[in-house]
Amino acid sequence: MSFRDVLERGDEFLEAYPRRSPLWRFLSYSTSLLTFGVSKLLLFTCYNVKLNGFEKLETALERSKRENRGLMTVMNHMSMVDDPLVWATLPYKLFTSLDNIRWSLGAHNICFQNKFLANFFSLGQVLSTERFGVGPFQGSIDASIRLLSPDDTLDLEWTPHSEVSSSLKKAYSPPIIRSKPSWVHVYPEGFVLQLYPPFENSMRYFKWGITRMILEATKPPIVVPIFATGFEKIASEAVTDSMFRQILPRNFGSEINVTIGDPLNDDLIDRYRKEWTHLVEKYYDPKNPNDLSDELKYGKEAQDLRSRLAAELRAHVAEIRNEVRKLPREDPRFKSPSWWKRFNTTEGKSDPDVKVIGENWAIRRMQKFLPPEGKPKGKDD
């Protein structure tokens, strides 16, 4: 359930590059396959790769096409090389067309800092995402909602009194050419996290901005959790003097373990989406019914709904960590957004027993590209 203006902004964001062009599509698929091939060569030559539950992802992709629904995968964020290396653990047969290449979100200040990188990552189907104060109501999130919305369901956008609108379908060409709904992969923590023992392989809280993709897509996406370990051994955050040195492979022979979990129950997703629909009916702006009202963006009920759904997603990823991988239980503090905000604000002094390897990039002071002034009020998630 989405708003017309959200879908249109998603289209506009995707149209920043000529994604319908045959040349772009060829270069995009070639870039993705080349990156996949080089990553696969590195992993299977230098490391001990273990992939568990691949059949669950394969089945989810088949369901996505059969049921005309987007696919969303959700994973913990251990290192700067999680993407693309995680996809190199998968078999070649999965990537038989550009439609099977995942879309992902990448930090604007890292992946899009110059024209060459911007084109490279855009060809690799990465969406530029800004952090620190921009918040979840930005182009990459709108674009992800659009990608998860099948092209033939755009008339399912919300309008007052359940009226059906087909404005987007008139003389309309989608910003991308595809034969089925897209696959969007997210790292809901927003930042890499590597902690010293006994807290290794733990997660931050999940930012609620990514829940917009589930709540606002025209049809409920299939949501698959993934938990991975080992990539932090390839790219350790302990190397802080150079980003290039940080991503240079090390610890050859280490185990890389990627475990794919069961999709979230459709009834669970539907329950959250029904709550969202209720809030939309209650708080839409009669003067601008085609877009999110301030209450739907920043209101207490809307934020609570997104926060609960984000916690639900985290719990499903943590379940793989705890019940399938049998790793030591996470410290219960780590699932609390308020704990992390206090920990980041005090730069770790609030809980000195928790030590971050390298820099804690969630601390605003560490982001040199930012101006010194504080974040705009009401946009923090």
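Glycine is no exception: its Cβ is also placed from the backbone N, Cα and C atoms.
Per Swiss-Prot, the features are:
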type: TOPO_DOM; residues: 1-25; note: topological domain 'Mitochondrial intermembrane'
type: INTRAMEM; residues: 26-47; note: intramembrane segment
type: TOPO_DOM; residues: 48-381; note: topological domain 'Mitochondrial intermembrane'
type: MOTIF; residues: 77-82; note: motif 'HXXXXD motif'
type: REGION; residues: 215-232; note: region 'Required for membrane insertion'
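Remote same-chain residues near the topological domain 'Mitochondrial intermembrane' (1-25) are listed as 98, 119, 122-123, 127, 139-140, 142-147, 149, 154, 156-159, 165, 167-168, 173-177, 215-218, 273, 276-277, 280, 290-292 (criterion: CB distance under 8 Å, separation of at least six residues from the stretch ends). Sequence-distant contacts of the region 'Required for membrane insertion' (215-232), counting only residues of its own chain at least 6 positions beyond either end whose CB sits under 8 Å from a CB of the stretch, comprise 1-3, 6-7, 47, 56-57, 60, 63-64, 67-76, 78-79, 81-82, 85-86, 145, 148-150, 153-154, 156-157, 181, 184, 194, 201, 254-264, 266, 269-270, 272-273, 276, 305-306, 309, 313, 316-321, 324-325, 327, 357. DSSP assignment over the topological domain 'Mitochondrial intermembrane' (1-25) gives 15 helix, 0 strand, 10 coil. Distant neighbours of the motif 'HXXXXD motif' (77-82): 187, 189-194, 201, 203-204, 228-232, 234-237, 243, 246-247; these residues of the same chain sit at least 6 beyond its ends, with a Cβ under 8 Å from one of its Cβ atoms. If you take every residue in the motif 'HXXXXD motif' (77-82) and average the pLDDT, you get 95.
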